[in-house]
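According to Swiss-Prot, the protein has these features:
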BINDING   Glu37, Gln45, Tyr50, Val90, Phe124, Asp285, Thr326  FAD binding site
Amino acid sequence: MREDTKVYDITIIGGGPVGLFTAFYGGMRQASVKIIESLPQLGGQLSALYPEKYIYDVAGFPKIRAQELVDNLKEQMAKFDQTVCLEQAVESVEKQADGIFKLVTNKEIHYSKTVIITAGNGAFQPRKLELESAAQFENANLHYFIDDLNQFAGKRVAVLGGGDSAVDWALMLEPIAKEVSIIHRRDKFRAHEHSVENLRNSKVNVLTPFVPTELIGSERIEQIVIEEVKGERKEIIDVDDVIVNFGFVSSLGPIKNWGLEIEKNSIVVKSTMETNIEGFYAAGDICTYEGKVKLIASGFGEAPTAVNNAKAYMDPKARVQPLHSTSMFENK
């Protein structure tokens, strides 16, 4: 296993939006920063799950596409020369006798004076379509993740699911695809009422209460057989692509074994964002405290708190309260 013997000031576990802003802010405090991310790209769930969706609750943006927000955060972080390690899952974190943290991933050993974990809800995997033939089409036209809506231009698309993601994808695909069908096992959708109303008023073909029972095709899915729940109706739908939105299963995985105080699958932190382990901080959806609200906007506020207190932990003479950013960049 490779070993990076350089001891960084701050190592961030998780390269989602909060992790990216944490890395930028670490640069603001002149800290050497490393990000370790398990996915092949930065951006976390924004990039992996809904890059094309709009976000409406980030201060200063009436609306912003998820991937655009990630790109902006990456550009912001690029003001500093931060080290990024992709496709590395952190398996263990140990605070050594000398106070330095040793982080072991599936590929490499890292060392750091402090650690800030911004891993969202932990590792996440999509709930799969439980049909015998589903797996064979995953590299063809059965999708759990969507990178680019334009790949469905002029196509017949079936969306499976009844939550916010399923309804949102169906509505976004309507003006692009040739035909969109949404298939849900209940008559009532779990999505926000406004989205469901928009769905009912759209040209999307709503099929409820139906479940898929068979995928027909050789190398690609050509048709879906659906059957009515507690009924006798059966239909066959011609498709070019199938999008599965049954939600995701998230897990803290090995994080539970790192000696951190865990409460309801979240890491307990103090007002300084420090965990029960001195020098180990958390920010974003991964952490909890009294009154915690799990929003990207909240995580953006927690990141500077974690970094500034990590800086003071490393150097007790350092100010927790930083200079204003305008005074730091106006001459650069």
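Start at 1 and count along the chain as shown; that gives each residue its number.
Note that Cβ sites are derived from N, Cα and C of the backbone, with glycine treated the same way.
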Give me the long-range Cβ neighbours of Asp285 (FAD binding site): same chain, 6+ apart, Cβ under 8 Å, in sequence order.
Val18, Gly120, Asn121, Ser266, Lys294, Gly299
Select the most exposed residue of Glu37, Tyr50, Val90, Phe124, Thr326, where exposure means the fewest other Cβ atoms within 10 Å, treating these as the binding-site residues.
Thr326
For Gln45 (FAD binding site), list the number of other Cβ atoms lying within 10 Å of its Cβ atom.
19
Three-class DSSP assignment, Tyr50 (FAD binding site), comes back as coil
What does DSSP say about Gln45 (FAD binding site): helix, strand or coil?
helix
With the FAD site defined by the record as Glu37, Gln45, Tyr50, Val90, Phe124, Asp285, Thr326, how many Å span the farthest pair of C-alpha atoms?
38
